[in-house]
Amino acid sequence: MELLKKYPKFFQWLFLLIVFFSLCFAIEVPETYNFIRGQAEFIKDPNQSTYTLFGAEVRYYAFDVFWRLPPLLGWLPIWINDSLFFLMNEWMPMEFWNEDIQEFRTQPLLLQITRNLTSFMTFLIELIREILLGGVETIVSFSSWDWIDANPWAELPGLPWTIVTAGAVILGYKLSGKGLALFAGLVMIYISVFGQWKPSMQTLSFILVAAPLSFLFGLTFGVMAFKSKRVEKFLYPILLVMQTMPQYAVLVPAIVLFGIGDHAAVIITMVVAVPPMILLTLLGLRGIPSEVIEAGRMSGCNNWQLMTKVLIPTARRDILIGVNQVIMVCFSMAVISAFIGAKGLGFNLLLALNQLNIGLALEAGLCISLIAILLDKMSLAWANKQIDYFGNLTYFQRNKNILFFAAAVILGIIFSYLGSFYFKDGSNYLFEVPHNKGISTADFWNKGVDWIWDTFFHTLKIFNTWLIVDVLQPMRALYLRMPAVATLVLVIGAGYIIGGIRSALVVGGLTLFIALSPWWDRALVTLYMATFGVFISTIIGFTVGIISFQNKHTANFMLGVCDIFQTFPSFVYLIPVMMLFGVTDTSVLIAVIVYATIPATRYTIEGLRSVPEALHDAATMSGVNKVQRLLKIEFPLAFPHMMLGLNQTIVFALFMVIIGAFIGTEDLGQYILKALSDKKGAGIGLTLGLCVAFIGLIFDHLIRTWVGKRKKHLGIG
C-alpha cells in the first residue's frame, strides 16, 4: 500500500496496460477476417451478408463490434460531396452579367464567387510571372488578342536574370551584409547557369502572390482574435486542426471549388499558410507588456492608432517570424500543388519522380531547396534587423540601395540588348539561359545511382528484406491486431491519467471519430509507420541533442543544420531514399526518420540551454560532475521542453508518412492520393484528412497537458 501511495501514477499506467492487453487477448479476430501473412494484413471476407446504414455498406456480425466498430460515419464523405454540389450548383441562384455572351445569366452565388476569385488570382500570377519572364496575358486582360497582334511592341519583355540577381544581392546586403549578399548571388547564378531559370521564376511568382496575401489575412485574423475572445475561441479549434491536417487532403476540395491550375494552388496555399501567421500574430500581440499599452493610451491614441502605431510595431519580430513561416509553408506547397497543375520547379520534380529520373529530380529539388533557404535567411534577417533611422544622412546615403538597383536595371537591359547581337544561336544568355542550353548534372547523378545499385545491391537488398520481413511486417500485424474497443480504452485511460475527465473525453472523442470511419485499419497502418519513425527519430534526436549541447560551437552548428534541413520541402527527402531502396516502405520510413529527427534535436538543445545558469553554478559548487549534472539537474528541467519536441516529431512524422503515399504506402495517405483523381473525392479526402489530423491532435493534447502540469510542478515557465 505504501508503494501504491508513493507511486500512484505508475500503478495507474500498469493497470491500464494490463486491461489493454487483456482485451487484446480476449477479443479474438472474427471469422469474417482472413490474415494474409505475406502482406501482414487482415482482409474482410467478401462472402458475408451486408446491410446499409446512413448510405454506407456495413459487413458486420454482432460479435464483430468489439473488433472493429461499424463504420457509422460512412455517410460523412457522401454528405460533404452532396453539400459541395448543392453549394456550387443550386445555392442562391442570381443574375450575373456574362461577358462572353453579352447578357445576364443565372448562376449560383458560390460558383460566381469562385470564378471571380479564380480570375483575380490568375491575373496576379500572370502579372508577376510576366514581369519576371515576359508575356502578353496581362495586357490581353485589359485589351484583346487582336490589339496585341496589331501592336506586338506591347508584349512585356521580362527581366533579364542579371537584373533579378542584382536585386537579390542588394536586398541580401541590405538585410544582413556581405555574407547573405554573396549567398543570394551564388543561388541566382546557379539557377540560371543550370537552365532552371524559367521554372524557378514560375515558382517564385507563385510565392510572391500567395505569401503577401497569406500575411494580410493572417495579420487581420490575428488582430481580430487579439481584440475579441469570441473570435479567438472560434478560430482556435480550426487552427489546431489545420496545423495537423495533411496538405494533400486540402487539395481535393480545392479542385471542386476552383478547378486545377496555378490559381487553385495559390488559394489552397493561402488556406494552409494563414494559420501559422494568425498564431504568431496573436503570440506577438499577447507578449506586449501592459505598460506599453498604457503608455499608448496616455499619449491619446485611439484604437486604430494604438494598434498600428504601438502594438503591431512592438510585436514586429514575432509578426515577421510569422512571415518566415508563411514563406516556408508556401514553398512546401509549391511542390504539393503540382498535383493540381501548378507550374514551376514542383511540377518538374513531380514529373522526374514519376519517371524515376533521380538526376532531374535532384536538380529540381536542389533549386527548390536553395531558393527556400535564401528566402528563409532573408526573412529571418528582416525579422532580426533593427529599424533604420535617417537623421542627418544625405539623399544618396538614404537611398543608395534603390539607386544601385536602378543602375543594375539599366546596365542589365543594356547588356541584354548587346547580348542579342553577340549570341548568334538564337539564345541570349544574358537574358535567360534555356533549359536545354544550361549545365546539367542529371547524367552524373543517374550514373551515381547505377553505381550504388551495382556496388551495394546485395547489401541494400539484405537490409531492406530484413527490415520489411523481420521488423515492419510483424509490427504492422501487431497494430492491425489491436481491437477497436481495446484501443479506445487505452486512449481514454491515458487521457484520464494525464489530464482528468476532460482530457479523457477529448481524446476519446477524437479516437471514436476515427474508429467509426470506414478507414480504421488504414489509420492503424498510418500509426504503425509514424510510431516506428518517431521511435527512431526520438532516440537519434535526443542523443545528438544531448551530445551537441556539451559544446557551444557544436550546438550552434547542429541548430544551423536543423535550420537548413527544416527549410527543405518535404518531398525532397524522398529523392535520396528512392535512390537506395526504391519504392518500398523502407524508403518512406527512412525519409520519415530524417525529417522527424529535426525537431527532436532542436528542442533537446534548446531545452537544455533553457536551464538557468544559476543552477549550473550551484551544481558546480556542490561538486557534481558533468554526468551527474546532466542526469540530476539539466535533463529533468529540460524534459518538458524535450517532450514538446516529441510532439513536433510526431506531427512531422505524420506529414511525411502521408507524403510517402506518393511512392506506394498503404495507409491513409494512399487513399487521399486516390481521392485527388476521383471527381467525387472531396468528401473522402476531407474525412481522411480529419482522421490524420485527429491522430496528431490526440498526441498533441496528451503531451501538452502533461508538459503544462510538469512545468507547474517544477515551477518553471
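Heads up, the Cβ atoms here are built off N, Cα and C, so glycines get one too.
Quick look at what Swiss-Prot annotates:
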- 69-89: transmembrane segment (TRANSMEM)
- 120-140: transmembrane segment (TRANSMEM)
- 153-173: transmembrane segment (TRANSMEM)
- 200-379: domain 'ABC transmembrane type-1 1' (DOMAIN)
- 206-226: transmembrane segment (TRANSMEM)
- 238-258: transmembrane segment (TRANSMEM)
- 265-285: transmembrane segment (TRANSMEM)
- 319-339: transmembrane segment (TRANSMEM)
- 355-375: transmembrane segment (TRANSMEM)
- 452-472: transmembrane segment (TRANSMEM)
- 523-703: domain 'ABC transmembrane type-1 2' (DOMAIN)
- 527-547: transmembrane segment (TRANSMEM)
- 574-594: transmembrane segment (TRANSMEM)
- 643-663: transmembrane segment (TRANSMEM)
(request) Mind checking which residues of the chain, 6+ beyond the ends of the transmembrane segment (265-285), have their Cβ under 8 Å from one of its Cβ atoms? (result) 117-118, 121, 124-125, 206, 209-211, 213-215, 217-219, 221-223, 225-226, 232, 235, 238-239, 242-243, 247, 250-251, 254, 258, 311-312, 315-319, 321-323, 325-326, 329-330, 333-334, 337, 340-342
(request) For the transmembrane segment (238-258), could you work out the same-chain residues 6 or more beyond its ends whose Cβ comes under 8 Å from its Cβ atoms? (result) 84, 88, 110, 114, 117-118, 264-265, 267-268, 271-272, 275-276, 278-279, 332-333, 336-337, 339-340, 651, 654-655, 658-659, 661, 669, 672-673, 675-676, 681-682, 684-686, 688-690, 692-697, 700
(message) Checking distant contacts: for the transmembrane segment (452-472), what same-chain residues at least six beyond its ends satisfy Cβ-Cβ under 8 A?
(response) 40, 532, 579-581, 584-586, 589
(request) Give residue numbers and ranges for long-range contacts of the transmembrane segment (206-226): same chain, 6 or more residues beyond its ends, CB-CB under 8 A. (result) 121, 124-125, 128, 232, 235, 262, 265-266, 269-270, 273-282, 285-286, 307, 312, 319, 322-323, 326-327, 329-331, 333-334, 337, 342-344, 375
